Amino acid sequence: MGLCYSVDRTTGKEPGEASSTATTAETVEERSGSGRWRRPRDLKGGGDIEGIPQVLGRLVSNGSSKIACLYTQQGKKGTNQDAMLVFENFCSRDDTVFCGVFDGHGPFGHMVAKKVRDTLPFTLLTQLKMTSESDQSSLVGANGFQIKCTEEEEVQTTESEQVQKTESVTTMDEQWCELNPNVNNDELPEMYLPLKHAMLKSCQQIDKELKMHPTIDCFCSGTTSVTLIKQGEDLVVGNIGDSRAVLATRDEDNALLAVQLTIDLKPDLPGESARIQKCKGRVFALQDEPEVARVWLPNSDSPGLAMARAFGDFCLKDYGLISVPDINYRRLTERDQFIILASDGVWDVLSNKEAVDIVASAPSRSTAARALVDTAVRSWRIKYPTSKNDDCTVVCLFLQDSSVAMEVSTNVKKDSPKEESIESVTNSTSKEEDEIVPVKDEKIPESCGIESKMMTMTLAECISVAQDDEEWSALEGLTRVNSLLSIPRFLSGELRSTSWRKWL
């Protein structure tokens, strides 16, 4: 409620309205000593910020804006553990936007995902502000990442942050060099290095706060995180876990292409596996799912985590699991159309190209994310009819104005060869309504007709269809039942919480 209170202050409400806000604050104050209700705190990235959804330009539920749309749908495994975020005018800059998708797992995965979603942007703002104060020259320039904190984003540095501010960042720098040996700093804009350091520090701080959180048990619960910050034509993407970011761009022939911006950080990747084994963790796949490598404790067949990096999951943090993001930079061009951020519930059943084509062929920008989620859900029923589909979450960030996209779409239609137009006769009706026309040589009818097929196909036919489909590579998605197989049983109750929180 702290942020709600500051928003009311700046908007100049009537006295009657202000009194209602004060009453709400008093109510929270009275409940601060019980259960999950806690005293409102400042926006340092570590507290429960009740009023965050009221920040202008911040979207966390199904909806859309002029430049983005987002949609999530609960799977058949229980509570929806996915979270998403679109934060426009980030850092109070009109040309800057922050987007993220967070896929939780474990008993409290939904709480961890929402916690990271709510705290990461403001923690990043805090770290950027600290960097700007300590080294302003590194942030100001032609492409500088200048920070202008509004009253809602103003952060007061606490004693714990003062301690972290004096800590050396040598360890993170070494990790960065090991993870990105081929990065040439001369080719990067001035805003990149400060932002990279701020992202590394923010993830480290959030993981520490999760470990000490009084109401969220993160011992065997965690979340992935795929985030992006777009400032002008500069794009910075950070990835922890197996959620994914994909860019839709056009080649010289105006054909729509899918470019994967992140790597699915699976335990069987050579670098990830080497680090885990060096820390005495184990990496192997079970016999009934040989294609899914998992992380296991040294002396216990648990928890079986299907990713090499994650927030939380402190039972594995001493055995190779890390929360260091894989950060990449890309300079956007006029050929780039949109970016898709999605959880693995989408990528397990759809390839990058299929996802790009579905978004491009959506009736409108506001329905693009939902169209992709709906197609993913139907694909789960077709490909794996006996499995429970996972939560599916999509964030679409559009890089071009709708008028520009329509013009490009028209040019593609005029320049398309005759032989390619024959293959696209079945899609001619939908193309007239599209803002961005998909590639002509891609076969879309299968995804478009899934719902009608489901009405007539028997279970045996569905299984045969799934078996006839081509195999999926590691980049296109893996089929698995759960991100976390089992929970290790050591101590119970307060004894366990006291034990693992001493690992700081």
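Note: Cβ is positioned from N, Cα and C throughout, glycine not excepted.
According to Swiss-Prot, the features are:
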type	residues	note
REGION	1-49	region 'Disordered'
COMPBIAS	17-26	compositional bias 'Low complexity'
DOMAIN	67-399	domain 'PPM-type phosphatase'
BINDING	Asp103, Gly104	Mn(2+) 1 binding site
BINDING	Asp103, Asp344, Asp390	Mn(2+) 2 binding site
REGION	410-435	region 'Disordered'
COMPBIAS	412-421	compositional bias 'Basic and acidic residues'
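Along the domain 'PPM-type phosphatase' (67-399), the predicted structure has mean pLDDT 87.
If you count neighbouring Cβ atoms within 10 Å for each of the binding-site residues Asp103, Asp344, the highest count belongs to Asp103. In sequence order, Asp82, Thr224, Asp242, Ser243, Ser343, Gly345, Val346, Trp347, Asp348, Asp391, Cys392, Thr393, Ser483 are the residues of the same chain, not among Asp103, Asp344, Asp390, whose CB sits within 8 A of the CB centroid for the Mn(2+) 2 site. Least packed by the Cβ count within 10 Å, out of the binding-site residues Gly104, Asp390, is Asp390. Gly104 (Mn(2+) 1 binding site) sits 11 Å from Asp344 (Mn(2+) 2 binding site), counting Cα to Cα. For Asp344 (Mn(2+) 2 binding site) paired with Asp103 (Mn(2+) 1 binding site), the C-alpha to C-alpha distance reads 8 Å.
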